[in-house]
Amino acid sequence: MDGKKIEELKQFVEHCKQNPSTLHTQPLAFFKNFLQSFGAQIPPLEKYGKDGEDNQNEKQFESKKPNLSRDDEIDGEIVESDVELDNSDVVTPDNDPPQKMGDHSTEVTEENQEAAQVSKSKAMEAISEGKLDEAIDYLTEAIILNPKSAILYANRASIFVKLKKPNAAIRDAGAALKINPDSARGYKARGMARAMLGLWEEAARDLHVASTLDFDEEIGVMLKKVEPNAKKIEEHRRKYLRLRKEKEQRKIELERKRHQRKNQDAEAASLLKDGEVIGIHSASELKTKLNAASKTSRLSIIYFTATWCGPCRYVSPVYTSLAGKYPKVVFLKADIDDARDAAAEYNVSSVPCFFFMKNGKEIDKVVGADKNLLEKTIAQHAG
């Protein structure tokens with residue numbers, strides 16, 4: 001690469017540093033993607049303030065790029081679609097070095113004002129003859145002589161718009177508005193320049209302000225071009241803000257349910273005694289314990305026994321021992337003479353009898369004091 005091209009590249013990079021919004025325009029999307037592929041962080045598109053700088057706090061919505069060519073995936077679920085915009089009037093942003101600006105600290109004498117007025121008149125004459133570059137030179141002279149004149153910056157901004165140099169126009173319009181916040185010409189020039197860059201919402205805002213301050217037919221024509229795109233972007237934003245809000249509400253609801261289940265599980269677990277046999281004295285008590293076991297997805301065993309039952313006296317120590325061996329299984333024990341309603345509910349006709357329950361349903365049953373069969377059945381269902 002020859003030295004001239006390298007120098008031009010340096011100027012372009014310097015311009016991007018001073019005006020990062022350039023990288024958010026359609027023609028430079030390939031360059032922005034190239035930078036990001038190396039891990040570069042591109043500053044978000046920010047709102048130009050009245051001073052024309054890029055360092056305002058209000059961040060722009062990402063879909064303000066001219067063609068929204070990249071889908072935005074939000075948390076892997078919501079994918080934003082492209083917005084169909086009319087970008088026929090969008091231009092390649094000007095990457096020239098920043099134009100000369102006046103020194104606002106300069107004391108402007110009457111002589112300077114008169115000289116600036118002469119240069120301005122020459123600029124107007126050049127404009128009438130179609131010599132726009134010459135007009136820029138004259139206005140630059142006038143600005144150097146009288147840097148506190150908003151109209152000089154606004155006039156030069158208007159010429160930059162005609163030359164399709166939107167970034168230069170935005171800088172001049174910002175300078176004009178910093179001097180005179182009510183400069184209709186400044187808002188108009190900046191609005192038209194932003195439209196050239198595809199910054200549709202910002203352009204619409206500037207043009208509306210300009211039309212309020214001093215409406216002319218050209219502003220009305222521009223608004224007819226700009227507003228449809230601005231409205232599409234606004235509708236796009238509302239749609240995805242709504243989707244994000246709905247998603248956030250779903251997250252909150254899911255978290256609430258998880259928290260509720262966690263509390264219920266903790267409450268249920270508090271009713272169960274790991275590694276111990278729980279005595280049951282009524283059908284309602286049995287139901288409470290089984291519900292608690294179901295909430296924690298545990299296997300439950302209901303052991304129906306009786307004090308007068310010899311085989312029960314033989315198998316009861318085994319049952320207690322198994323409770324310690326399988327602490328996550330709920331071991332329940334009900335005397336049929338004490339918990340008659342529970343025994344009746346399960347149609348217990350002989351003891352010892354063991355009902356295996358999972359999620360409120362009977363899944364197996366062992367009748368008799370066969371300790372080997374009992375443990376084998378527990379091992380089968382405990383896993």
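Backbone N, Cα and C define each Cβ position, glycine as well.
A TrEMBL annotation is a machine prediction, not a hand-curated record.
Per TrEMBL, the features are as follows:
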COILED    230-269  coiled coil
COMPBIAS  47-71  compositional bias 'Basic and acidic residues'
COMPBIAS  72-87  compositional bias 'Acidic residues'
DOMAIN    257-383  domain 'Thioredoxin'
REGION    43-105  region 'Disordered'
REPEAT    116-149  repeat 'TPR'
Same-chain residues at least 6 beyond the ends of the repeat 'TPR' (116-149) whose Cβ lies under 8 Å from its Cβ atoms: 99-104, 106, 108, 155-156, 159-160, 162-163, 179
For the domain 'Thioredoxin' (257-383), residues assigned helix / strand / coil by DSSP: 62 helix, 30 strand, 35 coil
